[in-house]
């Protein structure tokens, strides 16, 4: 039996390998590993735990060359370079600790994570730099880790503040503001030839050097009396100083319980903070009087409330003006989410206008809201209009209040969480409608002050069946009193108004209402034909657009459509547009056939005349369900002239629509004009469609036309290039289709084109031509930015896995900026639903070593409890994949598993000597019988290299004499010589005796005589065979002439 897992041998190997590493002898190490068939990873104790016996950590700590480290990483086949119980145990941490920038760069370029295994409890790289550098090169290494993506956490900053380490804090903030994005932005100006004056450049640099600091950092600095940190934050914070002060002070106001210890503590902190401003330790330009007022905020607030309630303008003004007691900043301080002095004054009603105006003048912005934990928010203008204080509302508008102010847009722009209000308020109109406060006076005021009625507002009114209110809007909102008075003022004041200027005013007034097809859809849905008539008669859009929207509904709601058309017919006072709707609703099929015939005959003039005479709206002939559309028919007809195509396009209100057929309740054969043109490589027509408004990303039930073009046909390849070049989006459904259909060639081509397509290449060429050097970090940023555009999400990875598309999964991972998070997601899915179970054979068979590494690195169980030690290796041997076998042996424990004899024989049969060496030297415990069978197979295959290796390793030395019969029987003199000449090998511990008998009691000479092979007989005798030791039965069966010849030899 051969035992290749001997602890002494392993210990000896390890010590020699450590010596090679210490001496940086990479060639010696390679030769030693190759000669001894060593699986380097298997020799490591605990494999990925970075103790002193880990080869990678040992090489880093011994300042080995990058070439040596690279060889060890490749030879050990690590799943990841991010291992270690703590952040400071990782290979990268050791490289930084040893100040080996070249090695740290290499590790980062090959996947080392600079933020690996960071927790609040454990120290990170920044802590290591503080503690070990002791001021030496600290600036250099802080810059290094930040520039390579080290995330500066709040914990890092807090620790620096508490430790009074302001110098390091300044290094970090300086470097954070001096980032590569700013440089690239400046390059974009240069590239676009946009001139920047010195003043503009300084402003941009000043803006870039600023950040917004979390207010809690100021609080920590205050608590720790770190005045340098406070001033540092103040210097770099891009907010105005009074705004910063306002936010900091609000932190102190968050405790509301008067009896609580927290309130007393908060008040004490505020007092300390304000005193520090007064004595100059904290540099904020605020006068002492204001600071004193802030300390007495609650008392002053109550005093001001009483002054407003008493409505005594003289007392109010004297209170504010006396020795400038109340500053503009303090007025702002009297505004928070629960109270506002201006809103309070308006709500009191009959507050003197002068008092209101004085307060307004203290505000920089009147478009804000407060939240009183009610169903509705409040703004100054909302309250003024709601209470019909129109004189105050006018003053608010005069000083900049926006009657169309939408607080929700402001929240979204700040990325705040959505507030839980009962209604969605588009603007003041919507707010008052929901509060049921609209009346004739308020409506008239808002209409005359340019309130904007959005389509959402009008659709809401249609949904609520507000026919009466809609009539008022359509009759009074457009060409209202204010519009007429403005026109009259031109006449009265003799101000000239040209015809063109008049038409512009009229057009602007007509377009105040933004009509859309959803209004018609909603009216149809609630069966309100009065509202539908209102819409048709007041819609300011082009006639054919209105008719198209109506006909879409007539097709969709056929029964309702008939009722509506009948109502139109019965109306004795029909408008022209209503007559056209009626005319286009009859004889549709006949009209369609006539028009298609004229297109087929290229009769451009006849087509135009027919349409004009019968007042046909071409899109009214559109029938989506049966793929009936005039434009698509013309595009698909190869004889249609471009002139006819242009004419038909001119008759369409939109080119963004689709036709389809339904089969088994599914849409099939979906088509659009653009898809039809691109699919047929009619790119001149596609250009025309795009020029006239076709949307390359038009949505067809969740997909765009790219979905239908993802086929491996020459036609589609050209079409793909066209649509991608024209900016089509890569949707999830398209990716799903490619993955499920295993169309990985197309998947890779598309992802590659989107990431490194012409725009990216053009940018790189531009940088090169202009000799604008990009650092590795800047280049990584640009590539990451391009990859982020792909928006590959977790379900896509899962679809690839569930469909056994491992090639597709690897392709997706290669284009991901968030590889680690993706693997974590797959790991979670596996734990809950075992999505990897049963897929191991496919992974190994397809040679997906990287996928296996991912699974091992994340401890993902694929096929059962013993899969780490047995199943994958068996599949790898069956697949005869050397690299995977080597990797799995390196990952295995010391207990060798039973390998099927047939699999080993197949390795011999296929001449896989390299794999056999790997297994026998590092894994297998071959018994004598199995070794004998492998030797027989090697002899049968006449594979001298394998036989020689088997002889050198003595895998069947006890049965070696039993192999002579098949060798001699088959006349394999070369193999016989190999066996006998191996006696001369000084490394061979076992010598073959030519006269030794096998288990049949025969010698090699017996078999040579038996099979009458003179050449072999002669060779055996020359090797010392005893001619007097021939088996009696063989002598008896051998011819006399042959025996005589033997004795002669």
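The backbone N, Cα and C atoms fix where each Cβ goes, and this holds for glycine too.
Same-chain residues lying 6 or more positions outside the repeat 'ANK' (87-119) and placing a CB less than 8 Å from one of its CB atoms are 50, 56-57, 60-61, 63, 66, 69-70, 73, 80-81, 125, 127-129, 132, 137, 141, 144-145, 148-151, 153, 776, 820. What TrEMBL records for 87-119 (among others) is repeat 'ANK'.
If you look up TrEMBL, you'll see 378-408 (among others) marked as repeat 'ANK'. Note on the repeat 'ANK' (378-408): its mean pLDDT in the predicted model is 91.
The repeat 'ANK' feature in TrEMBL is assigned to 669-701 (among others). Under DSSP, the residues of the repeat 'ANK' (669-701) split into helix, strand and coil as follows: 16 helix, 4 strand, 13 coil.
Same-chain residues lying 6 or more positions outside the repeat 'ANK' (1000-1032) and placing a CB less than 8 Å from one of its CB atoms are 964-965, 968-969, 971, 973, 976-977, 980, 994, 1038, 1042, 1045-1047, 1049. The repeat 'ANK' annotation in TrEMBL covers 1000-1032 (among others).
According to DSSP, the secondary structure content of the repeat 'ANK' (87-119) in residues is 19 helix, 0 strand, 14 coil. Applying DSSP to the repeat 'ANK' (378-408) sorts its residues as follows: 18 helix, 1 strand, 12 coil.
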